[in-house]
Structures are given as C-alpha cells and as structure tokens.
Amino acid sequence: MYIFVINSGSSSIKYQLFKMPSEKPLCSGLAERIGLDHSIITHKVYKGDATTITKQEGFIPDHEAGLYAVAKLLTDPEVGVISNPDDIEAVGHRVVHGGESFAATTIIDAAVKAKIKELFPLAPLHNPANYLGIEVAEKIFTNAKQVAVFDTAFHQSMPPKAYRYAIPEALYQQHGIRAYGFHGTSHRYVSKQAMAYLQNSKAKIITIHLGNGCSMAAVDAGKSVDTSMGFGPVSGLVMGTRAGDIDASVIFHLMDQLGYEPQAVNNLLNKQSGMQGLAGFSDMREVRAAVQAGNAQAELASELYAYRIKKYIGAYAAVLNGIDAIVFTAGVGENDADTRQRICSHLEFLGIHFDAAANRAEGSGIRSISIAESPVQVLIVPTNEELEIVQQCYGLLQA
Ligand SMILES: Nc1ncnc2c1ncn2[C@@H]1O[C@H](COP(=O)(O)OP(=O)(O)O)[C@@H](O)[C@H]1O
Ligand SMILES: CC(=O)OP(=O)(O)O
Ligand SMILES: [Mg+2]
C-alpha cells in the first residue's frame, strides 16, 4: 500500500511517499518559498542505497500550484516513483489545529473539513494551508482516503490544571478557550524514540522542538502533561517571528495608547516578533552569523531565546517531579550547537551535566550530548513528522 504524506506549512510543503507496512520511503521533498520569488522544490528519490536529488526552480504562486507540481514530479517518467496518482491509497495530512474535537487521527469527511475550517481564526498561519492541501489532494488523488493527523492530538492528555486559563469558566465551556498545544506529532515521535533509546517506557522527558515555530512539552511515560504553546501557536518560547509569552497588558497598551488595530497586533506578535523582531533575522543561521560578526542585538536575541527555554526546563522539571532526559529536535534543536550550549549550561543542580565537546561534534541520528555520569541525559533526536503521520494513518486504516 502506498501512503502519501503532506505537511503543508505557511510557506512550504514537505511531502513523503511511503510503501506500507515496510515504512520504506520511495521519495520525499520540500517545496519552499511558496508565493515568494525563487520558489524551489527539492525532490529526493530513494532506490536501494542511492538517493537521486532533483531541484526544480520557478515561481510557485500558491499551495495549489505547489501540490500540482509535486504530483507531476511523483509521476514524472524520469524522476517519478509511481505511474498513476490512483496508485496512492491514502494521503496523510498534518493539520495543526484540531481543537477539542480531535484527540486522534481521523478520516477526513465533509464534517471534519468544516471543523478544520471553523478553527482558521485559532491557527491563521497554518490551518488554511492545511485545508487547501486537503482540497487539492482530493482532486489529484481521487482514489485515496484522506486522513488528518492533528498537532493538537498528543496534548489532549494534559490535565485541566495545565490546559485551563484562569478566566471565567463560561469562556471555556461555551467558546473552547483553553490551551491546546501544538507540534504534538513531533513531541510524540521524539519522546517515543527517546524512551526506546533509554529503554525506559516510564521515562520523564522534556521535549524541546525548535524549528520556525518552537515549543516544549513535559512528557510523563509517553503522555504529554504540559506544553508551552496554548490557545494558538504563539505563546511560550521565542520563535522565528513569534513573540511567545508576553504580558496581556502590552496588547492593551498597543491598542489603547499606540493606535494598533487588532489585526495589526496579531500580525506584530505572529510575523514581526521573535528573533525577527529582536535581531532582524528569523532564520537562526543568519542570527548565528550576526553573532559571529559581533552584532549585539543578535547576541541579546540568542540569550533571550535560550533563557526562555531554560525557565521552561525548570518549570517542567518541577511538573514532572524530576527528569530522566531532555530532548532537542527540529531545525534549530538538531543543528545549532550554540543554542543548545546556551540552554544547558549551569543546570547541574538539576542533574544536567552537559558535554560541550559531544555537543559540537558532527553526528546524525539519535545521540547523547551529556557526560556518561549525568543523571539526566541530554539527547538530540531528529524529528520525523512524516514518518509519525504515516504510522498513524496506517494504524487507523488497519483498525
Ligand atoms: N545548521 C543550522 N544551524 C542553525 N540553525 C539551523 C541550521 N539548520 C537549520 N536551522 C534553523 O532551523 C529553522 C527551521 O527549522 P524547521 O524544523 O525546518 O522549521 P519548520 O518545520 O517550522 O519550517 C530555521 O530557523 C533554520 O535557520
Ligand atoms: C504549530 C507550529 O508552530 O508549526 P510550525 O513550527 O511548522 O510553524
Ligand atoms: Mg516544522
């Protein structure tokens, strides 16, 4: 059985075609800079031990055009891997916000689509792109079952004391205002990998997902018990362009004293803040280069980014009553030794004894960057949201 996985982001589409149940990837790819100049699709085909990489440049105006271009690559006589889109039996979609309606992976029907649409205002950078991905896939892969895997699902195990806000009860009961949490597919995947690595299914783990969006989760024996993102994916950590935690008074001040309209505040906190707002760059590689060049704003931004994470490590160590491991994952977490060093230094009182040399060493796959005697293991675990999505889809279709 072939299952195609689509991870539609705000400006990118990640995709992977799997043969199930072997979980063998036939191809994977990334369409980047959708709607911007210099759009590019990087398409990788795996045959035996060999990987062939094709790069296709040219303007991609929107997600619909991007998905059609990807489908064309899949069936291309030279770099394609299937002869007909009808060969695909299921398409697994990452859907960022599932609200309280979805605690598990779900076959998509008209009612599920309506619910995903209803949640647009709660995840404006993500759910519209996810929805479009579903609509286009329905047109291209007409034979396939469409399946939704929600970022919020893993965090549905949080207790009310973690997910409720201290505001009137009616706002929760009537309007669903509570913390949901995101990146659940990644937190679930890396925490499972870490439990297997530690050979401890009861492990208390703090997972730190640092991509463009950033979040942390406190995971107790495989269950999320708290997480840093909330009602929408803007709270908690400092991100590429999102502010993370901020006093609500700032929002009133912006509107009442500085004349900001609600939409402008939304834009400010989602798109112009975080590392972009502090240092002028949202891409951590550019921030690192600026720090190297002696840029004081980039240095402060890097310290603030790490400091916020350090505070959440302290909080989640308390929530979990001790920790067995801390896990770094996603673009920054997996690749940026400097950020990991800033976060993990001076945490010996928690039993975190960081190995600075191991942290700087080149490596791939799951690996430890704490010293052998450290009571708490610090791990790098590469995330693979697409693999987790395909496993979820296959599990659902077999059930
Ligand atoms: N070698 C690296 N050093 C530092 N940061 C990196 C490196 N490689 C990727 N990143 C950062 O990872 C982030 C993107 O992570 P990713 O998980 O791909 O994000 P998303 O899935 O949210 O688009 C960017 O900020 C990028 O700069
Ligand atoms: C939910 C979220 O923030 O996702 P991403 O990191 O892909 O933007
Ligand atoms: Mg991501």
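One-based numbering along the chain as shown.
Yeah, the Cβs are placed from backbone N, Cα and C, and that goes for glycine too.
Computed from a predicted structure; not experimentally measured.
Per TrEMBL, the features are:
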- N7, E385: Mg(2+) binding site (BINDING)
- K14, H209, L210, G211, N212, G213, D283, M284, R285, G331, V332, G333, E334, N335: ATP binding site (BINDING)
- R94: substrate binding site (BINDING)
- D151: active site, proton donor/acceptor (ACT_SITE)
- H183: site 'Transition state stabilizer' (SITE)
- R242: site 'Transition state stabilizer' (SITE)
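Projection of TrEMBL feature records onto the structure.
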| residue | record | DSSP (3 states) |
| --- | --- | --- |
| N7 | Mg(2+) binding site | strand |
| K14 | ATP binding site | strand |
| R94 | substrate binding site | strand |
| D151 | active site, proton donor/acceptor | coil |
| H183 | site 'Transition state stabilizer' | coil |
| L210 | ATP binding site | strand |
| D283 | ATP binding site | coil |
| V332 | ATP binding site | helix |
| E385 | Mg(2+) binding site | helix |
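You'll find the Cα of R242 (site 'Transition state stabilizer') roughly 9 Å from the Cα of N212 (ATP binding site). The Cα of the residue listed as 'active site, proton donor/acceptor' lies closest to that of H183, out of the recorded positions H183, N212, E334. In space, R94 is the closest of the binding-site residues R94, V332, E334 to E385 (Mg(2+) binding site), judged by Cα positions.
In space, N7 is the closest of the recorded positions N7, R94, H183 to K14 (ATP binding site), judged by Cα positions. In the vicinity of ligand 2, defined as a Cβ distance under 6 Å, the following of the recorded positions R94, N212, R242 are placed: N212. Close to ligand 1, meaning a Cβ under 6 Å from one of its atoms, are these of the recorded positions H183, N212, D283, R285: N212, D283, R285. Within the same chain, the residues at least 6 positions away from N212 (ATP binding site) whose Cβ sits under 8 Å from its Cβ are G9, M239, G240, T241, S282, G331, listed in sequence order. Around the Cβ of E334 (ATP binding site), the same chain contributes F328, I380, P382, T383, each under 8 angstroms and 6 or more positions distant in sequence. Here the Cα atom of R285 (ATP binding site) is found 22 Å from that of H183 (site 'Transition state stabilizer').
Here L210 (ATP binding site) is positioned 18 angstrom away from the residue listed as 'substrate binding site', judged by their C-alpha atoms. A Cα-Cα distance of 20 Å separates D283 (ATP binding site) from N7 (Mg(2+) binding site).
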